[in-house]
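Beneath this line is the structure, given in structure tokens, with notes to follow.
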Amino acid sequence: MKTKLACKNVYLLNFSRNSTDRVTDKVPVKEKKLMDVKLGELPSWILMRDFTPKGIAGAFQRGYYRYYNKYVNVKRGGVAGISMVLAAYVLFNYCRCYKELKHERLRKYH
Amino acid sequence: MNESLFTSFITPTMVGIPIVLLIIMFPSILFPSPSRLIDNRLVSIQQWLVRLTSKQMLSIHSHKGQTWALMLMSLILFIGSTNLLGLLPHSFTPTTQLSMNLGMAIPLWAGTVATGFRYKTKASLAHFLPQGTPFPLIPMLVIIETISLFIQPVALAVRLTANITAGHLLIHLIGGATLTLTSISTITAFITFTVLVLLTILEFAVALIQAYVFTLLVSLYLHDNT
């Protein structure tokens, strides 16, 4: 009976949608993940992030490995993993030279 | 038309910041480093390709020449991937810049020549005179061989630059021609479009072949000198 109650409390504390019960309320703002930060705390959370070169490099590394482990480093990876990267590269280059490209639209008057 | 034809070859800057270094470093993230005995499919395919190429390319070298394996393999991977990425729309190809190709060709060629002079001085100097030349022709032939030696790095760089740049320019021109011809005569536009498709296939081949040729010639110069 006691363990059932304890289990229910643990469940409520970690998974409940009601924000007054979740365990991430008791964690300091600095160590929260982005999805757990409340909207009012957002500016202070952003300012507390590590903006040193090491921190930024760590952020890039984390992002790279997050993508790599999700789409490429899997047992039966397909062409999607690398083609998403290439599509993003094409989009980036398009944004880069948009200024020259907008003169090449098919219009009567430019 | 003139202004827009060569704008794809200018050094890329975005809001005033030159990002050309980022673009040069971009192909490196497409080659993840293998960490296990059997990796994911991407790494396995790349490993297989590298083994195939390195076996074929390094088989002619002696032990001393085979110490250059890492250099030659990374060279062919870099040039091949950079050329292939340049075929994507709107992208910037670093190998169209003569400065970069000279920066690759001159140190590599100088390295092979320096290795030759250091370890096999007599044999390296003997390269300046082919066997069996008649005695009166020797001075002239030495001069010619020296010139041909010094032209090697320049030829390496200019060959790569010219091939890739010419291919990109042709694609631009024929693509533009196809677009303007659609409103004038559809059949001619269709013919031009077929030419464009064939040209793109050629460009894929050229991208890979140029990488191969560059590396092969460097390895050839190495073979002469080790």
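Note that Cβ sites are derived from N, Cα and C of the backbone, with glycine treated the same way.
Database features (TrEMBL):
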type: TRANSMEM; residues: B:12-31; note: transmembrane segment
type: TRANSMEM; residues: B:67-88; note: transmembrane segment
type: TRANSMEM; residues: B:100-117; note: transmembrane segment
type: TRANSMEM; residues: B:137-158; note: transmembrane segment
type: TRANSMEM; residues: B:170-198; note: transmembrane segment
type: TRANSMEM; residues: B:204-222; note: transmembrane segment
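The stretch from B:67-88, B:100-117, B:137-158, B:204-222 that makes the most Cβ contacts under 8 Å with the transmembrane segment (B:12-31) is B:67-88. Among the listed stretches B:67-88, B:100-117, B:204-222, the one sharing the most Cβ pairs under 8 Å with the transmembrane segment (B:137-158) is B:100-117. Remote same-chain partners of the transmembrane segment (B:100-117), defined as residues 6 or more beyond its termini with a Cβ less than 8 Å from a stretch Cβ, comprise 24, 64, 71, 75, 79, 94, 123-125, 127, 149, 152-154, 156-158, 160-161, 214, 218, 221-222, 224-226.
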